[in-house]
Amino acid sequence: MLILRGAPALSAFRHGKLLEQLTQHVPAVTGLYAEFAHFADVTGALTADEEQVLARLLKYGPSVPVQEPSGRLFLVVPRFGTISPWSSKASDIARNCGLAKIDRLERGIAYYVQGELSESDAQQVAARLHDRMTQLVLDRLEGAAELFSHAQPRPLTAVDVLGGGRAALEKANVELGLALAEDEIDYLLKSFGELGRNPHDVELMMFAQANSEHCRHKIFNASWDIDGQAQDKSLFGMIKNTYEMNREGVLSAYKDNAAVIVGHVAGRFFPDPQTREYAASREPVQILMKVETHNHPTAIAPFPGASTGSGGEIRDEGATGRGAKPKAGLTGFTVSNLQIPGFEQPWEVPYGKPERIVTALDIMVEGPLGGAAFNNEFGRPALTGYFRTFEQKIATPHGEEVRGYHKPIMLAGGMGNIRDEHVQKGEISVGAKLIVLGGPAMLIGLGGGAASSMATGASSADLDFASVQRDNPEMERRCQEVIDRCWQLGERNPISFIHDVGAGGLSNALPELINDGGRGGRFELRAVPNDEPGMSPLEIWCNESQERYVLSVDAADFETFKAICERERCPFAVVGEAIEQRQLTVADSHFDNKPVDMPLEVLLGKAPRMHRAVTREAELGDDFDAAGLELQESVERVLRHPAVASKSFLITIGDRTITGLVARDQMVGPWQVPVADCAVTATSFDVYTGEAMAMGERTPLALLDAPASGRMAIGETVTNLAAARVGKLSDIKLSANWMAAAGHPGEDARLYDTVKAVGMELCPELGITIPVGKDSMSMKTRWQDNGEDKSVTSPVSLIVTGFAPVADVRQSLTPQLRLDKGETDLILIDLGRGKNRLGGSILAQVHGKLGRAVPDVDDAEDLKAFFAVIQGLNADGHILAYHDRSDGGLITSVLEMAFAGHCGVELNLDALADSREELAAVLFSEELGAVIQVREGATPEVLAQFSAAGLDDCVAVIGQPVNGYEINLNYNGETVYSAQRRILQRIWSETSYQIQRLRDNADCAEQEFDALLDEDNPGLSIKLSYDVNDDIAAPYIKKGVRPKVAILREQGVNGQVEMAAAFDRAGFAAIDVHMSDILAGRVDLDAFKGLVACGGFSYGDVLGAGEGWAKSILFNARARDGFQAFFARKDSFALGVCNGCQMMSNLHELIPGTEFWPHFVRNRSEQFEARVAMVQVQESSSIFLQGMAGSRLPIAIAHGEGHAEFESEEALLEADLSGCVSLRFVDNHGKVTEAYPANPNGSPRGITGLSSRDGRVTIMMPHPERVFRAVQNSWRPDDWQEDGGWLRMFRNARVWVD
C-alpha cells in the first residue's frame, strides 16, 4: 500500500467551525489540523512516470498552505470491508489515466488534534469526527492497509421454529428489529410449519420488509370500527373514490411507482439513437407525479436521510412504466421548534429530545443540504416546497401533552415526463433476464422499511442508525442515462418491466418485480454487485444500498441493453431469470445452499388484514382573544415564524435552472424574493405549454378540527395553483401524503374522518382526483429523561401536492407588485366570507395558544368559482400580481407582494372590519383567499366578474401599491400601523439569515442580510448593445448547412440536453458524445467544428471540480492527442460551461493562449450557490461574445466551486490585460463586484468568464444555455418575445463558423 499526503481538508471557515464544536464538547482540545490522506492498493512498483501521474491526480482543490502536523492522530477512513463512492470514482479515473497497476484508491482524513486528551475525551472527539455507519477511526496511517483486505462472507443462520416454536420467532423479531405483529408471527409459524422447515434469517427479514407498514400500508387497507360502528370503506377505498368519481386525464393510478396524467403534445428533444444527433420528436408528453416521505432517517441523520429521500423519489419517477424521465422536484420539512442559539423566540419552550435523534435545528441545517445536494448532482431543479415548525404543550382529556414534530416530516416529490407507449408496464417473459442496475450492495440501510414503521423510540438506537441509507447521486445519474437511452428507442425499448430499489432493498424489489409481472424467479446471490464481500446472505439480500433499479430484459434485447450500460459506464448485473412457477429461489454458490426458497404466495400473499377499533375524542383547543394584542409586536412575531418567514436559506442551495425548462421558480421579480405560489416548467423547448405543481398543508389545524385541516390543505393547493394558467379545476391532480401517530388516543378516528372529508366529500365536489399518495403512521417520539417518560406526538398531517398541465407558461402570475402599470388597486378575495377564524393560526402559535374555531372550506362552490374567475381574468390579462392568503394571513400576503415589488403599500381596512377590535382577526386570519393587483380602470370589470360568479360578498378593494418605503394600514381615517418595508423585510428574512449564518460562511450571510438595507437597489435589469430579436444566424441557417458540434459529457454531467437545444436553435447539428466514445475510439473530434463541455458533476467531483475529467484526458494518450489536435485547428471552437469550464481550465496545457487561466475552487460562501446573477460582457477576443460588449444582463448561476483562483497576482493581471476576460459579475447598480451575493463565488474582480487569446475557446461558470429563451428567465422584461438575451452567444458561433 502506498500512502500519499493530500491537501488540507478544511477551509479556514470549516476549520474554525469544527474547532468550535470540538472545544464546546471537549474543552481539553486546544487546536486542530486536518488533511486528506490517500491510500493506493498497487499490484507492483510504479515507474517514475506513473508516480508523477498519480501525484498530479491527487493534487486537487484550492491551494492552501500545507502544515507539518502535530497532535494526536484521528484517521477517519471508510469502514473496513467497504468501498466508498469516492474510491470507485477515483479508481475509475486512475484506470482511465493508464495507471493499470493501481487496483484501488481510497481516501481518509487525518485529523491532528492538539490538547491533553483523556481516553474519554478521545472517544468524544472520535465520535464527532466520523459517521459510524460508513466510517471508522484509526490511530495510525499504516492501519489503513486493512482497507484493502477482504473479509470472508458470513454464513446464513436459521431460526429454529420447528423446535423452539413461537418463542424462537419472538426472539428473532426483537433481535433483528423485524417489527412483526402478533398475527404475522402466527402466519409465519403456520406457513413454515406447512413447508416443513425452519425459516432462514434472510427470509424473515425479507418478509418483515415486504409486509411492513411502510411497504404494505396496512392501516390504509384495514377495516374499521369507530365508536362501535363498522365503517364500510377502508382509508385507501375512500382515496380511490376520487378516481372512481373522475378518471378524466389519469393514465395510471395506484399501481406503479408514480401516477401518470395527460400532458401536452410537444417536440421532445433528445439524441437520435442511431446518429446521436439531437432533434425534436413531436409526440404526447405525459406527466408523471410522485411525492414520498423520508421521515425516520431524517430524524436520525438529516443529510443522508433527506438526500436518499430525494434520491428514492427520483428513482420512483424513473422506474414508472417502462422507463421515464424525472423533470422537477420539491422538498418539504415540518419540525419542532428551532430554538436557534441567541435567536430563541418567545413561543419556543424547551422540552428536550431523546439522544437517538437530532434537534429540529440540526435537521434544518443539514437536511435541506442533503435534499438539495442530491437534486443538484442528479440534475433536477428543486422548484417548490414548504417549511413549518410546530411544537406546543396542550391540554387534552388525558392531561397535558406535547404535540409537535420531533419525528419530522421530510417530503421529497416531483414530476417528470413519459412516452405514451411506455406508461404501462410490459410483460416479463419466461427466461427473461432479471437485472440489477446501478451501485453495489453495501451494509447500510438495514431494516429501513420496518424501522420507519415504528414510533421513534420503540427500537434500539443501533437499529435506528443502521436503517439510514447513504447516497451517491452521480451513480443514479448514470442509471437515469441508461433509462433515457432505453425509452428513447421507442418501441424497441429493451426494458419490459422496471422497479426502483427502496425500502427492504433487493429483498423487496426483486420479489415485487416478478410478482407484478406474474412470474417466479431464480436468483444467484453472488451475482449481486457487492462492495462488502464479508456480508451475510441476509445483509446482501436486504440492505438498502441506494441508486439501484431492478428490471427485466428479454434475452433477445440483452445485447442492446448491455451496450447502452457500457457506453454510460453504468454497472449492471444479471442476477436471475424469470420462471413460470410462482416460486422465489435465491441460491448461494459460495455456501452451496439456498438462503431463500419459498412460494411467492407465502411472502406476498394472504398476510392477515388489519382491523382498527377506535373511538373519537373531543377536539382540543383553548381560548385565544386577539383583540387586545399589540399590532407591531404581533406583526414582528408572525414574520419571524419559520412557516411565514423567508425560505431563502432553503432555496439558494438548490439548482433551479438545470434542464432549461424552468419557467417559474420560487424567486420572483427583479429583486428575486422567494414568494412564488407555484412552480411551472415548459413541456419542451419549442412550445409554451407546460406543467405546474404547488403544495398545501395546514397541519396544526388538525388538533382543533382534523377534517378542516384536510380540506384547507386542498384549498391552499388550489389557491396556489391558481397562479398558473391551468384551465379547468378538474385538470388538477393531487398527491396526498398522510402522517399520523396511529394508536395515540383519538388520532386514528381523526385520520379516518379527515380521509373521509377529502376522499368522499370535498374532492368529488371539486372534481379533483388523488391518483397517488403515501402514508407514514408512526409520527410519535418517546423517550425517558431522568426516569420521566416523555413523548412528542404529531397532529394528523395531510400534505397535499397538486400537479396540472399548463396552457401557457408565459401567463404564470407572481406576487410582484408593479409600479410601472399606472394607477392600480389591490383586491382581496376572502373565501372565508368575513369569518376570520384564528384557530390554529400562526398568530395564535406565536402567543403560545391554539384557539378554537378554524378556517375551513365552507363551500366547495366558492372555491370552484374563485378558481374559474382567476383563470379567466389571467387569460384576459387583467391580473398584474397575485398572491394567495395562507400562513400569517392577509398582512403577510400584502407584505410579501410589497417585498417582491420593492414598494410601499397603502391599505384601507374599512370594508373588512366593523370595529378596531376586529383588525387583528382581519389581518392575521388564514382563511382561504388571495390578493390581486389590477389596473384601476379594470377594477369595475374585475369586481363584476366575481359578482357574476356568486362571490360578491367575498371581494373588496383594500388599497394600492405606492412608490416609496412605507407600509401603512388605515382604518376609519387614521393610520393604525406604519412601518418601513426594508425593516419588515429584514425581520421576515432574519430566521433564514440566522440558519445561513450557522451553516455557511457567516461573513457572506451577513453581507446578504445587510444588502436588504439598500432602498435604492434597482434590482435585475437589462442593458443590451444588440437587438435581442435580431437573428444574425438566419442567413447561414437558410443555406441548409448545419455544422457539427460535439455536445461532450462525462459520467455525472447533467446539462447536455439544454446545451444541445441552444446550439440546435442557432443552426448547428448537435451530436451527443460521451467521453467513453472518445476513449474507446468510436468518435474522433476531427469530425466536429465545435466542442462543448457541459455542466454537471463529472465523477461526482471526487478529484476536484472538473479535475478528474480533465486528468482522464491529459493522462490518456488517445484522448490527449485528440483534444490537442482539435484545439490546435484554426477552424475549431470550444466552449466550457460550469463543470465544463472547470474541466477546460485544467486543460490549459493543451489549449494555445490560455496559460494564465485560473483554477476553479470552492465558493467563498462554502455553499452551492443557485442564483440569478448580473454579469457584464467585456470587450474580449471571444468569438461567442462579439457585438455583445458592454451589455449587462442576468444569467443563471448554479455551482459550488466557481471561485477563480489564479496561480499568482501576475497571472490575474495577465488575464485582465490580455483582453481575455469575457464576463464579470456586477451588482444591480452595474458596478463590477466581489461582494456576496451579487458575486456568488467571490472571484477576484468579478471574473466569471475567460477566453483564449485568439477567442476560439471560451470558458464560463454561468449557464447561458439555460436562458436562451425569454421564458426560461426567472425575471424578464415585458417586451421580450421568444428569444432570450443569451441566444445571441450561440448565434455568434454559427456566424463565426462561416
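Using the three backbone atoms N, Cα and C, a Cβ is placed for every residue, glycine included.
The following features are taken from Swiss-Prot:
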ACT_SITE  CYS1138  active site, nucleophile
ACT_SITE  HIS1263  active site
ACT_SITE  GLU1265  active site
BINDING   305-316, 384-386, ALA676, SER886  ATP binding site
BINDING   ASP677, GLU716, ASN720, ASP884  Mg(2+) binding site
DOMAIN    1045-1298  domain 'Glutamine amidotransferase type-1'
REGION    298-328  region 'Disordered'
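When pLDDT values are averaged over the domain 'Glutamine amidotransferase type-1' (1045-1298), the model yields 97.
Taking the Cβ of THR384 (ATP binding site) as reference, residues of its chain lying under 8 Å away and at least six apart in sequence are, in sequence order, LEU330, GLN666, ALA676, CYS678, ALA679, MET693, ALA694, MET695. GLU1265 (active site) has CYS1138 as its nearest neighbour among the recorded positions THR308, GLY311, ILE314, GLU716, CYS1138, going by CA to CA distance.
Shown in sequence order, PHE374, PHE378, ASP471, PRO473, GLU476, GLN546, GLU547 are the residues of the chain, 6+ apart in sequence, with a C-beta less than 8 angstroms from the C-beta of GLY311 (ATP binding site). Among the recorded positions listed (GLY305, THR308, ILE314, CYS1138, HIS1263), ILE314 has its Cα nearest to the Cα of ASP677 (Mg(2+) binding site). GLY305 (ATP binding site) is 28 Å away from ASN720 (Mg(2+) binding site) when you measure Cα to Cα. The separation of the residue listed as 'active site, nucleophile' from HIS1263 (active site), Cα to Cα, is 7 Å. In the structure shown, across all protein chains, THR308 is the one of the binding-site residues THR308, ASN720 with the greatest number of other Cβ atoms within 10 Å. Cβ neighbour count for GLU1265 (active site): 31 (other Cβ atoms within 10 Å of its Cβ, all protein chains included). Counting only the Cα atoms, the space from GLU716 (Mg(2+) binding site) to ILE314 (ATP binding site) is about 25 angstrom. Taking the C-alpha atom of ASP884 (Mg(2+) binding site) as reference, the shortest distance to any of the recorded positions THR308, ILE314, CYS1138 belongs to ILE314. Long-range Cβ contacts of CYS1138 (active site, nucleophile) within its own chain (separation 6+, distance under 8 Å): GLY1055, CYS1094, GLY1095, GLY1096, ALA1198, HIS1199, GLY1202, MET1261, PRO1262, HIS1263.
The DSSP breakdown of the region 'Disordered' (298-328) into helical (H, G, I), extended (E, B) and coil residues amounts to 20 helix, 4 strand, 7 coil. Listed in sequence order, PRO326, GLY329, PHE374, ASN375, PHE378, ARG380, GLY414, GLU476, GLN480 are the same-chain residues at least 6 apart in sequence whose CB falls under 8 Å from the CB of ILE314 (ATP binding site).
The secondary structure of THR384 (ATP binding site), as reduced to three states from DSSP, is extended strand.
Using a 10 Å Cβ-Cβ cutoff, GLY305 (ATP binding site) registers 27 neighbours. When secondary structure is read from DSSP and collapsed to three states, ALA676 (ATP binding site) falls in the coil class. GLU1265 (active site) carries a helical DSSP state (H, G or I).
Each residue in CYS678, ALA694, GLY696, THR717, VAL718, THR719, LEU721, ALA722, ALA723, SER886, ALA930 lies on the same chain as ASP677, GLU716, ASN720, ASP884 and has a C-beta within 8 Å of the C-beta centroid of that Mg(2+) site, without being one of the site residues. Look at GLU716 (Mg(2+) binding site): DSSP puts it in a helix. Taken residue by residue with DSSP, ASP884 (Mg(2+) binding site) is part of a strand.
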